[in-house]
Amino acid sequence: MDILGLDLKAPGTPYKEFVLAFSWAVYIFEQYLGVRQYRKLREPNPPKSLQDIEEIREKFHKTQEYGLDKAKFGFVSGLFGQVQSTWIIVWDVLPWLWNLSGEWLTYAGYGTDYEITQSLIFTVTITTMLYFISLPLSLYYTFVIEERHGFNKMTLGLFVMDTVKGFLITGVIGLPIIALGLQIIKWSGDNFYFYVWVFMIIFNFILLTIYPTLIQPLFNKVTPLPEGELREQIEALAARINFPLKKLHVIDGSKRSGHSNAYFYGFFKNKQIVIYDTLIEQANNEEILAVVGHELGHWSLNHSVKVLTIYQIHNLFLFFVFSQFISNTVLYRSFGFETQPTLIGFILFQFIYAPIENVVAFLMNILSRKHEFEADAFAKKLGYGKQLRTGLIKIQIKNLGNINNDAWYSAYHFSHPPLPERLNALEKMD
C-alpha cells in the first residue's frame, strides 16, 4: 500500500520518519491557517454584509477579543501538543510504557503472555499520563479564558468531579470494549476486520442508546420541558412534519457553560429533543422554534443516517487496511518494539493512516456544511426563515462566535458555515 508515494509494506520503510515528517507538515500548515485567522480577528470592522446589524456592531469587539484569546491559546496548545507527540515518538515513550506495563503485570504474578491484560494496563497508564500532562492547559482554558469572557460556570470542585466521573465511565465502558475487541481479533484470524467492524457497530448503537439515560444524567440535570406555550409549539411543529417525538427535555447547560445548543436523538420511532436552558434564556419562542426546525431538517433529510453510513464504511476500510499491517514486523521495530502486541499495532497503524484520516475529516466538514445549509433551507420552508436569521445572529452574539473568519481557515476547520454565509444563503433561498 502506498501513502504519499511511500511503499509502507516494503522492508526498511522509514515509518517513524514518515510519521514525524507528516505530523510536522500538518502542524505547520495548520499554524499558517491559524495566523491567517488571527489577522482576520484583528480587523476593526465586521464583514460588510453584517455591518448594518446593530447587535453585531455593538458586540463585535467582544467577539474579536474572545476569538483572539482562543487563537492565542490555540497557538500555545498546538505547539505543546506537537512537541509532546514528537517526544513520544522520538524518545520511544510507547515501548517504554508497554514494557513498564509488562513489569507491573509480572509483579502481580502474571506473565507477559497475558497480552490483553497488559494492553489494559498500558491503556490506563498512557491515558492517565497524557491527561495530567495536558491538565494545566485545560485548567487555563476553562478558568481563565472562558471565565474572562463570562462563559465558565464551573467551580474547581465540579471540574474535579467531572474528571473523576469521566475516568470511571471510560474505564467501565472503554476497557471491556478494548478487551473484547482484542479477543475478537485473536478468535477470528485473518478476517478479523469484518468481525471487529460488526462489533463496533453494535457497541456504537448501544452507547447511543444508553448515553442519554445513563451517562448524561451523571453530568447534567435533564428534565421535561415545562408545560406551556413553547412546549405546545414544539409538539405542534413535530406533529406537522410527522416527527415521532416521544420526549421533550431541557438540560441545565448553564451549570457548566454559558454556551447554548439544541439537538435530537433516538432511533426509529423513539425520538427525543433536548434544549439547553441557555438557549431558552437567549432566544424568544419563535427563534427557538426556528432552531428546532433546523434540527428537524437534519432528521427529515436523513443527514444523521447518511453521516453514520459514511463513517461505518470508512471504519470497515480502516479495519481492513489495519489487517494488512498487523503482522508487519518492520512497523513495530521502527517504533522500538521487540514484540508485536495487537493494541500497539493499531496505535502505530493510526500514525501511518493519518494522511487518509486528514482527507476524510476535511471531506466530512464539507458534507457537514452542506447539510447545515440544507437544514437552514428546511427551517425556512417551514416558515421560520426570518426567525432563524434573527436567532442565528442572537446565538452568535451571545456565544461570542467569530464574526470575521478567514476563508481558508473556516474551510479547513469548520463543520458549520460561518454566519455571513448562512445569512446570505437564507436570503437567496426561494
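Glycine is treated like the rest: Cβ placed from N, Cα and C.
Which of 73-98, 255-280 counts as transmembrane segment depends on TrEMBL, and there it is 73-98. The number of other CB atoms found within 10 A of the CB of HIS294 (Zn(2+) binding site), across every protein chain shown, is 23. With a cut-off of 8 Å between Cβ atoms, the residues of this chain six or more beyond the transmembrane segment (166-186) that come close are 115-116, 119-120, 123-124, 127-128, 131, 192, 195-196, 199-200, 203, 207, 215, 218, 326, 342-343. Remote same-chain partners of the transmembrane segment (341-363), defined as residues 6 or more beyond its termini with a Cβ less than 8 Å from a stretch Cβ, comprise 3-4, 8, 15, 18-19, 22-23, 26, 89, 94, 98, 115, 118-119, 122-123, 178, 182, 185-186, 314, 318, 321-322, 325-326, 328, 331-332, 335, 412. Among residues of the same chain six or more beyond the transmembrane segment (192-211), those with a C-beta under 8 A of the stretch's C-beta atoms are 173, 177, 180-181, 184-185, 265, 267, 312, 315-316, 319-320, 322-323.
Along the domain 'Peptidase M48' (224-429), the predicted structure has mean pLDDT 90. HIS294 (Zn(2+) binding site) sits 6 Å from ASP376 (active site, proton donor), taking the CA atoms of both as reference points.
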